[in-house]
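Asker: Below is one structure. I have some questions about it.
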Amino acid sequence: MATPSNLVANRGRRFKWAIEFGSGGSRGRGERGGLQDSMYPVGYSDKQVPDTSVQESDHILVEKRCWDIALGPLKQIPMNLFIMYMAGNTISIFPIMMVCMMAWRPIQALLATPATFKLLESSGQRFLQGLVYLIGNLLGLALAVYKCQSMGLLPTHASDWLAFIEPPERMEYTGGGLLL
């Protein structure tokens with residue numbers, strides 16, 4: 001019978017349930033006596049098993065996850081193109097909201113770039129992945145600017161700047177035939 005101090009000491013250990021079909025009995029009677037054998041159910045091993053849940057991550061999976069993060073903005077570009085097509089070029093609430101969201105997401109991602117690069121630190125190709133991430137966000141921002149230009153929201157013509165042009169000075173004043 002196990003003492004209370006042994007039970008407390010064994011509480012932190014991880015044990016493994018296993019049934020060994022090749023041995024004489026499923027409870028491993030060769031290791032334990034008959035009285036102690038009745039304490040454990042069938043298939044329970046009282047030997048400590050190494051903790052497999054806290055192992056080193058597989059290098060291939062880490063690289064794949066880092067590339068998924070880096071390629072995320074590029075994967076959004078086809079959806080942004082579809083949204084641009086569906087929104088049209090008219091100026092109304094819906095297309096303007098779509099353009100604002102298309103511009104806001106890359107800006108927000110570019111502002112959070114240091115946090116994203118911390119996720120890429122475990123990768124061996126972090127410079128290339130960071131460059132791909134940056135290019136993808138800049139392409140998303142360029143699409144939003146292009147959509148603003150195609151909707152006529154960017155001041156690209158001289159008539160857009162009339163409020164800032166000084167009115168021309170009059171060179172002469174003319175009047176009618178009446179004297180006042």
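Cβ atoms are placed via backbone N, Cα and C, with glycine included.
Per Swiss-Prot, the features are:
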- 1-63: topological domain 'Cytoplasmic' (TOPO_DOM)
- 85-95: topological domain 'Lumenal' (TOPO_DOM)
- 118-124: topological domain 'Cytoplasmic' (TOPO_DOM)
- 146-180: topological domain 'Lumenal' (TOPO_DOM)
- 64-84: transmembrane segment (TRANSMEM)
- 96-117: transmembrane segment (TRANSMEM)
- 125-145: transmembrane segment (TRANSMEM)
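Situate these features within the shown structure.
Answerer: Across the topological domain 'Lumenal' (85-95), DSSP assigns 6 helix, 0 strand, 5 coil.
Long-range neighbours of the topological domain 'Cytoplasmic' (118-124) within the same chain, counting only residues 6 or more positions beyond its ends whose Cβ lies under 8 Å from a Cβ of the stretch, are 62-63, 66, 69-70, 130, 133.
Summarising model confidence by region, the topological domain 'Lumenal' (146-180) averages a pLDDT of 82.
Residues 69, 73, 76, 80, 83-84, 87, 126, 130, 133-134, 137-138, 140-141, 143-145, 147-148, 151, 153 of the same chain lie 6+ residues outside the transmembrane segment (96-117) yet bring a C-beta within less than 8 angstroms of a C-beta in it.
Beyond the transmembrane segment (125-145), the same-chain residues lying 6 or more positions past its ends with a Cβ under 8 Å from any Cβ of the stretch are 63, 66-67, 69-74, 76-77, 80-81, 84, 99, 102-103, 105-107, 109-110, 113, 116-117, 154.
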Asker: Which residue counts does DSSP give the topological domain 'Cytoplasmic' (118-124) for helix, strand and coil?
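Answerer: Secondary-structure breakdown of the topological domain 'Cytoplasmic' (118-124): 2 helix, 0 strand, 5 coil.
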Asker: Counting by DSSP, what is the helix, strand and coil composition of the topological domain 'Lumenal' (146-180)?
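Answerer: Across the topological domain 'Lumenal' (146-180), DSSP assigns the residues as follows: 13 helix, 0 strand, 22 coil.
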